[in-house]
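S.K.: In case it helps, Swiss-Prot gives these features for our protein:
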- Cys21-Cys27: disulfide bond (DISULFID)
- Cys22-Cys31: disulfide bond (DISULFID)
- Asp24: site 'Key residue for potent inhibition of the rat CHRNA9-CHRNA10 nAChR' (SITE)
- Pro25: site 'Key residue for potent inhibition of the rat CHRNA9-CHRNA10 nAChR' (SITE)
- Arg26: site 'Key residue for potent inhibition of the rat CHRNA9-CHRNA10 nAChR' (SITE)
- Arg26: site 'Binds to the Pro-224 and Asp-225 of the rat nAChR CHRNA10 subunit' (SITE)
- Arg28: site 'Key residue for potent inhibition of the rat CHRNA9-CHRNA10 nAChR' (SITE)
- Arg30: site 'Binds to the Glu-221 of the rat nAChR CHRNA10 subunit' (SITE)
Amino acid sequence: SNKRKNAAMLDMIAQHAIRGCCSDPRCRYRCR
């Protein structure tokens, strides 16, 4: 249960990272 909560938080952080990585080709997250 605790792991699931951590995963959700990481997913939220990843969403922010994706938004900030639109113009950076080196970023592993991309805008969709």
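Glycine too: its Cβ is placed from the backbone N, Cα and C atoms.
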S.K.: Take the C-alpha atoms of Arg28 (site 'Key residue for potent inhibition of the rat CHRNA9-CHRNA10 nAChR') and Cys21 (disulfide bond) and report the distance between them in angstrom, rounded.
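M.R.: With distance taken Cα to Cα, Cys21 (disulfide bond) is 8 Å from Arg28 (site 'Key residue for potent inhibition of the rat CHRNA9-CHRNA10 nAChR').
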S.K.: So of Arg26, Arg30, which of the recorded sites has the fewest other Cβ atoms within 10 Å around its own Cβ?
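M.R.: Fewest other Cβ atoms within 10 Å, among the recorded sites Arg26, Arg30, is found for Arg26.
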S.K.: Report, as a single number, how many Cβ atoms besides its own are within 10 Å of the Cβ of Cys27 (disulfide bond).
M.R.: 13
S.K.: Would you pick out, from the disulfide-bonded residues Cys21, Cys22, Cys31, the residue whose Cβ has the largest number of other Cβ atoms within 10 Å?
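M.R.: Max Cβ neighbours within 10 Å, all protein chains included: Cys21.
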S.K.: What count of other C-beta atoms do you get within 10 angstroms of the C-beta of Pro25 (site 'Key residue for potent inhibition of the rat CHRNA9-CHRNA10 nAChR'), across all chains shown?
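M.R.: Excluding its own Cβ, the number within 10 Å is 6.
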S.K.: Express the distance between the Cα positions of Arg30 (site 'Binds to the Glu-221 of the rat nAChR CHRNA10 subunit') and Asp24 (site 'Key residue for potent inhibition of the rat CHRNA9-CHRNA10 nAChR') as a whole number of Å.
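M.R.: Cα-Cα, rounded: 8 Å.
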S.K.: Any idea what the Cα distance is from Asp24 (site 'Key residue for potent inhibition of the rat CHRNA9-CHRNA10 nAChR') over to Cys31 (disulfide bond), rounded to a whole Å?
M.R.: 10
S.K.: To the nearest whole angstrom, state the Cα distance for the pair Cys31 (disulfide bond) and Cys21 (disulfide bond).
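M.R.: Rounded to the nearest whole number, the Cα-Cα distance is 7 Å.
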